Amino acid sequence: MCGIVGYVGGQSALDVVIAGLKRLEYRGYDSAGVAVLADGGLAAAKKAGKLVNLEKELVSRPLPAGSTGIGHTRWATHGGPTDANAHPHLDNAGRVAVVHNGIIENFAALRAELAERGHALRSETDTEVVAHLLAECHSATGDLAEAMRQVCRRLEGAFTLVAVDADEPDVVVGARRNSPLVVGVGEGEAFLASDVAAFIDHTRSAIELGQDQVVEVRRDAVTVTDFEGAPAEVRAYHVDWDASAAEKGGYDYFMLKEIAEQPRAVADTLLGRIDAAGSLTLDEIRIPATELREADKVVVVACGTAYHAGLIAKYAVEHWARIPCEVELASEFRYRDPILDHRTLVIAVSQSGETMDTLMALRHAREQGARVLAVCNTNGSTIPRESDAVLYTHAGPEVAVASTKAFLTQLVACYLLALYLAQVRGAKWGDEVRAVIRDLAGIAEEVERVLETMEPVRELARSLAAKNTVLFLGRHVGYPVALEGALKLKELAYMHAEGFAAGELKHGPIALIEPGVPVVVVVPSPRGRSLLHDKIVSNIQEIRARGALTIVIAEEGDESVVPYADHLVRVPATPVLLQPMVSTVPLQVFACELATARGNEVDQPRNLAKSVTVE
Ligand code: M6R
């Protein structure tokens with residue numbers, strides 16, 4: 001939800017900021033804008049639409065060269081995606097410019113107050129009030145960082161702000177409450193950004209800002225305080241991936257690259273967590289074993305794809321660790337007064353670590369005394385910072401809005417956690433745990449095998465480009481996979497897509513079946529739980545009898561589905577609980593290809609942004 005970049009140093013601020021915005025465009029692409037300090041003044045340009053529109057504008061109306069600047073790429077909340085609502089926003093004298101990520105909840109009152117004092121506000125945004133307030137405070141204090149502190153004390157809601165003032169040409173100031181902001185520290189230059197990807201070409205030295213902090217960056221100094229002005233503690237860290245990880249690397253889309261990276265991401269997430277004897281070593285779980293033993297329930301909170309990973313985690317936690325597990329959409333969680341106490345273990349799953357709904361859910365859980373463990377892909381982000389412990393997934397940066405490799409690695413982390421709970425609570429013997437770990441260790445190779453056989457899936461997707469609806473059915477762990485397949489299709493192909501538990505079919509959804517409707521069925525393994533398998537084979541026959549076009553995902557060697565499959569997609573045989581690791585992959589490829597066939601933007605689907613940092 002909005003990408004922010006700030007720069008001060010020896011290079012052209014405009015070039016650095018535009019390059020940074022390109023890396024952050026996944027966060028929002030409704031409009032883009034920049035401001036640079038040059039020749040004793042401030043020059044700005046902004047344009048509705050993607051960054052490319054701004055770049056064209058800068059060719060026809062170049063800005064003067066300067067070495068301090070800020071930029072923004074927007075996901076609109078208050079005010080439509082127009083030039084006027086694009087950031088940066090300036091004060092009336094055009095001396096202060098500010099960019100913002102988040103929502104300022106009390107902006108209406110502040111706006112009315114500013115209007116009374118004679119300020120003319122030109123946009124419909126909540127952000128513009130900040131530029132005017134900063135200008136007032138700056139003229140009183142002559143210090144942009146102090147002005148920012150004074151303004152932040154008056155703001156309600158979630159905000160990352162980055163501002164410059166023409167009277168302080170070598171300074172960029174930022175502030176952070178609930179939304180992300182990191183500092184990049186280079187040689188004689190400094191950066192502020194929503195995500196390290198914006199400055200990874202220049203430096204891998206980063207500083208993680210805490211909640212309610214204001215940062216002032218100069219070429220050779222970074223000063224961080226709280227909103228009252230007291231010096232604040234921060235954590236410096238080294239970014240452990242390089243610029244190539246944030247590039248397409250020869251693929252047409254980031255999503256294709258990220259799908260292809262899944263075997264490596266899965267293997268990396270297991271790395272260092274299995275010892276030489278094949279046992280589980282999760283040193284990072286700093287919650288004492290006694291507490292894990294005493295926990296009487298697990299609650300997983302997450303959104304979107306991460307929620308689907310949580311739904312699968314439930315099967316593993318309950319089956320292996322024999323502890324009740326609830327899974328809840330983070331956006332619903334705290335509003336229903338959930339029963340939580342010190343014996344509840346909450347698992348917050350999030351790729352970005354910044355999803356506001358998940359953050360609010362975990363804060364609520366901690367307030368009630370629950371222990372919170374984050375499963376997260378982004379080092380130093382807010383969700384792990386505010387959790388009692390974190391199990392990082394090692395997917396590397398995920399840029400495409402549609403989540404793929406993050407999902408598979410979330411599954412790996414959840415399987416590991418479930419096994420760890422089983423180990424600590426004595427629900428499984430050591431050799432049983434080791435047997436599952438052996439299966440998990442082989443999964444990366446199986447994912448690779450699935451990827452090698454995807455051409456027929458792509459062909460099938462292209463042939464369905466004109467359809468309006470695709471339905472997805474699954475049972476057991478195949479049900480969340482069906483939900484995930486439908487979510488991918490909605491967000492990428494903009495088609496009506498729904499996932500159902502196959503057993504629910506006859507309770508209503510079967511009315512949607514009419515001749516030619518494609519239905520993707522995720523068939524569980526015939527081994528182990530064959531009753532489940534046989535039931536879904538009956539479901540396939542029921543929909544086929546009503547004219548559905550059946551697309552069956554079934555494991556190699558399962559011949560019983562062959563007569564009922566109009567299209568058969570084979571996945572390697574895996575233990576029942578691990579099947580989502582292989583059965584999700586064809587659905588990702590299917591959605592990506594359908595989106596392309598329909599002429600949609602794969603990496604930046606309409607109306608979406610990668611990190612949802614507002615509720
Ligand atoms: O960063 P998070 O994992 O917390 O994000 C959660 C969802 O917003 C995310 O998974 C979203 O549903 C994806 N765009 C789905 O592909």
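Don't overthink the numbers, they just go from 1 along the chain as shown.
Cβ atoms are placed via backbone N, Cα and C, with glycine included.
Feature annotations, reproduced from TrEMBL:
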ACT_SITE  Cys2  active site, nucleophile
DOMAIN    2-220  domain 'Glutamine amidotransferase type-2'
DOMAIN    288-427  domain 'SIS'
DOMAIN    460-605  domain 'SIS'
ACT_SITE  Lys610  active site, for Fru-6P isomerization activity
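Taking CA atoms as the reference points, Cys2 (active site, nucleophile) and the residue listed as 'active site, for Fru-6P isomerization activity' are 9 Å apart. Cβ neighbour count for the residue listed as 'active site, for Fru-6P isomerization activity' (all protein chains, 10 Å cutoff from its Cβ): 25. For the domain 'SIS' (288-427), the DSSP-based tally of helix, strand and coil residues reads 67 helix, 28 strand, 45 coil. Around Cys2 (active site, nucleophile), a 10 Å sphere centred on its CB holds 27 further CB atoms from the protein chains shown.
Helix, strand and coil counts under DSSP for the domain 'SIS' (460-605) come to 73 helix, 29 strand, 44 coil.
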